[in-house]
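The domain 'dUTPase-like' annotation in TrEMBL covers 19-154. Positions annotated as substrate binding site by TrEMBL: ARG75, SER76, GLY77, ASN88, THR92, ILE93, ASP94.
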Amino acid sequence: MTRIPVTLAWTDEADRTLPLPSYETPQAAGADLRANFAPGLRESGMTVYPGARGLVPTGLRLAIPEGYEVQIRPRSGLALKHGITLPNAPGTIDADYRGPLGVILMNMGEQPFVISHGDRIAQMILAPVLQAGFVLAETLDDTARGAGGFGSTGTG
Ligand SMILES: O=c1ccn([C@H]2C[C@H](O)[C@@H](COP(=O)(O)OP(=O)(O)OP(=O)(O)O)O2)c(=O)[nH]1
C-alpha cells in the first residue's frame, strides 16, 4: 500500500499519551480519530443529546501535502448502534489548514451519547484533490439528459 507522508502535531491542550491515528488493518482506508479533551473535560467527557451536535477536539493538527485533502467520515458502528453521524460528512480538511482538527458529531439516535476521553469517534481518509479551472461561457454543450435531474429518470 502506498503511504503518502502526512505530518501530525499535538495541539497545546492535547493529552499526548493517547495513541496517534493508525490503520487497524493492512488495507484500511480510514485511520480512526480519538476524542482528546482539554484537561477540564477529561473526567466528564462530553454528552451529545438526541438531535444535538457538538464539536469534539482531536488534539491534532495536520500538514497535508499539496494536492491532497483529508476527509472525516462517521464510523459505521457508532452510526448503526447509536445514530452518531457527522452533519458535514465528509468533513473537509484542506491541505493548507494548520488549526486544530475538530469533529462535529450529531446524535440522530434516541438516547444521550457520552463521548469519553480517548474514544475513537470518527475516521479520516486521505484523498487526492483536483481543482477545476473555471471558465465562464454564454452557452453549454447539449447532452441527452439536458436539464433533467432530481429524480427525472424515475425510481424503478
Ligand atoms: O469537520 C471538520 C471540517 C473542517 N475542519 C477544519 C479544517 C478545514 O480546512 C477548515 C475549514 O473547513 P470548511 O472549509 O469546511 O469550513 P468553512 O465553514 O467553509 O470555513 P472556512 O471559511 O474557514 O473555510 O476547518 C475541521 O477541523 N473539521
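Heads up, the Cβ atoms here are built off N, Cα and C, so glycines get one too.
What you see is a predicted model, and the numbers here were worked out from it, not measured in a lab.
Everything TrEMBL records as a feature, shown here on the structure.
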residue: ARG75; record: substrate binding site; Cβ within 10 Å: 19
residue: SER76; record: substrate binding site; Cβ within 10 Å: 10
residue: GLY77; record: substrate binding site; Cβ within 10 Å: 10
residue: ASN88; record: substrate binding site; Cβ within 10 Å: 12
residue: THR92; record: substrate binding site; Cβ within 10 Å: 12
residue: ILE93; record: substrate binding site; Cβ within 10 Å: 21
residue: ASP94; record: substrate binding site; Cβ within 10 Å: 12
Query raised in the report: How many helix, strand and coil residues does the domain 'dUTPase-like' (19-154) contain under DSSP?
Result: 10 helix, 45 strand, 81 coil
Query raised in the report: Within the set SER76, GLY77, ILE93, ASP94, which binding-site residues show a CB-to-ligand 1 distance under 6 A?
Result: ILE93, ASP94
